[in-house]
Amino acid sequence: MMLRTAHQVGTGLGRHAIRVARAAVAVTLVVLLAVGAAAQTVGISRILLEKDSVYHRIRVHEDASWRYLRFDRSLQGGMLLKDPTISPLRYTDYVHLAWLFTPSIQRMLVVGLGAGSIPKSFLRSYPQVLVDSVELDPVVVDVARQYFAVPEGPRHRIIVQDGRQYVRRTEGLYDVILMDAYFAEGIPFHLVTREFFQQVKAKLTPGGVVVANIVGALGGPNSKLFRAIYKTYAAEFTGLYLFPVGFSLGKEEETTRTILLFATQTPGIRRQTLGARLEVLLRGKSLPELVTRSFMRDYYEQSIASGDVPLLTDDYAPVDILPVYGWEPERR
């Protein structure tokens, strides 16, 4: 995940202000980590909530510009205080690239609510979209409502339920299904198996797309978890497309980062075609302003080696022995 600073739509903040605020985000988080979680005030960051749920130690803290949500040691999300629809994490912008793979988005399913950044962004950006958000932890839902201005109403339902149970039981179909329940410190194994992906595929509309937010590396010692998940998606979806966030800045395949995987039943879409589709959307002002042409620089076309990693199934999904170490969300 990448941290960011501001959305130009409705905030009055220019790109220079965005860069300045992003730098402040990085400084704030370094200070916070250095002094530890026990302090009630950390530099310019103020802790608003520390609470244990069945699943996580949940912390909410803020500085002059941003409010953040942490689960255990991991930064999960947040919002710009001046505009709660803006997340400090850059990967949330890349989810809007779902429009490159499906011609219409009317209904969206989000598995994993967190701070509600993506539902809020889609609800604001696309008035026709209806969003269902499924979250296992009721404490997370309460925190999202109280601290992160997550709305509920006719266009946004929040369901407190296990994501797999919901997918199995729902009769609805979705144009976009976002898997946002994966994080570095703990992957719910039942949400990365072939059997689950079969269920997900059955809940897509024709031409629909699955978007998965995965922490990992494209190659090297920290890549096995990502490559196993990739291999398992590939067993059910013929078209997989990767956008490693920030890859164009260094092109280091062994770097652990947030990787956006788009899974469709349409193989072989060329980079040129995706770029042309993005250009049409940008010229038509159909996407949020923080989605830019530069995203195509992160598009990764190389093959993913999978011969040495398992196909994840309900009977065998060793995600606990395929860990990701030493990762913090990408800053911006």
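Numbering starts at 1 and runs along the chain as it is shown here.
Including glycine, each Cβ sits where the backbone N, Cα and C put it.
Annotation source TrEMBL lists domain 'PABS' at 24-277.
Mapped onto three states, the DSSP output places E135 (S-methyl-5'-thioadenosine binding site) in strand. Under the heading S-methyl-5'-thioadenosine binding site, TrEMBL lists E135, D162, G163.
DSSP gives D180 (active site, proton acceptor) a coil state; it is part of no helix or strand. The Cβ of D180 (active site, proton acceptor) lies under 8 Å from the Cβ of V110, V111, G112, G114, I118, N213, each of these being in the same chain and 6 or more residues away along the sequence. Summarising the annotation, TrEMBL assigns active site, proton acceptor to D180.
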* Mean pLDDT for the domain 'PABS' (24-277), as a whole number? -> 92
* Shell of the S-methyl-5'-thioadenosine site beyond E135, D162, G163, same chain only (C-beta within 8 angstroms of their C-beta centre) -> V111, G112, V134, L136, I159, V160, Q161, R164, Q165, Y166, A181
* Around E135 (S-methyl-5'-thioadenosine binding site), how many other C-beta atoms are within 10 angstroms of its C-beta? -> 24
* Structure fact -> Under a three-state DSSP reduction, the secondary structure at D162 (S-methyl-5'-thioadenosine binding site) is coil
